[in-house]
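Let me begin by presenting the structure, written as structure tokens, before commenting on it.
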Amino acid sequence: MLPFVVAATAIAALAQPSTFTWVSKELYAPALGGIMLSIGIRLSINDFALAFKRPIPLSIGFIAQYVLKPALGVLIARAFGMSRIFYAGFVLMSCVAGAQLSSYASFLSKGDVALSILLTSSTTIASVLVTPLLTGLLLGSVVPVDAVAMSKSILQVVLVPVTLGLLLNTYAKPVVNVLGPLMPFVAMICTSICIGSPLAINRSQILSTEGLRLVLPVLTFHVVAFTVGYLVSKIPALRQEEEVSRTISLCTGMQSSTLAGLLATQFLGSSQAVPPACSVVAMAIMGLFLASFWGSGSRIRDLPSKLMPQGGSTVEV
């Protein structure tokens, strides 16, 4: 249901801003904490032990997430001559961890779900240090970035709820059995809040000429990110199985834009939360469409023949 909720949230926020303008900045952190808790209760100590047994695919995914994608964000923002009111938020969006939705997308695509969960979890935990460092490095000359304060914020809204979920799943199984079925709905409501509020508050800027010019860079960013994630895992020296390549592609193209939106609101200004909010809508629709394409048994290499079927006739001799 999440793609439909995301689309409905975007429409409601732009058509009837009062639906979400009541959401204050103070609610962003608890809302994102709810999303992170839903990740944590699915983790166990064994998941992290498994990570050390699969260093190559995890390393490829990590590099794609925190090296290739930030560089891609800067290149696209500059290539499109992005307005200053959105530039910092767009770059920040490219520096955050993978989205939990990518695990569901991996499931739909018949990819490696275990790898997806491990990759999302490891990049989420690493974001406490990596995201502030990358943001300060890439944006320090554009806007002032308090990397220490940003790190503390991520620690509070990411690491604490994820750790709490992990502890509950390890030592309080009865509690998890009760919370487990409810958490997807909690995460969905929290995601809706984190998307709808910045869209509603910045509606006039989004629907302005500058705002509408943001659509193409956001779409381009995700298309290229999905593509780069897939291709880098097919480099001959690193060549991975098809299931792994699909998973890395989805994890690279789908990042935690809700976290980027929270950080942008706290440290960069409300208008800088617009690119992450637009990104959530784009990545949910594009990522799940790609996952469904793969899940139906189709392959990227088959696209040319599907788009341009070969015509011709046969001659019997």
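Backbone N, Cα and C atoms are what each Cβ position is placed from, and that goes for glycine too.
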Range annotated as transmembrane segment - as stated in TrEMBL, picked from 27-45, 46-64: 27-45
Chain residues in Cβ proximity to the transmembrane segment (113-142) (below 8 Å; excluding those fewer than six residues from its ends, i.e. six or more beyond): 36, 39, 42-43, 47-48, 50-51, 54, 57-58, 61-62, 65-66, 70, 73-74, 84, 87-88, 91-92, 95-100, 102-103, 105-107, 148, 150-151, 154-155, 158-159, 162, 244, 247-248, 250-251, 256, 259, 263
Most Cβ pairs under 8 Å with the transmembrane segment (273-294), selected from 27-45, 85-107, 154-172, 178-202, 214-232: 85-107
For the transmembrane segment (154-172): best-contacting stretch of 27-45, 85-107, 178-202, 214-232, by Cβ pairs under 8 Å: 27-45
Stretch among 85-107, 178-202, 214-232 sharing the most Cβ pairs under 8 Å with the transmembrane segment (27-45): 178-202
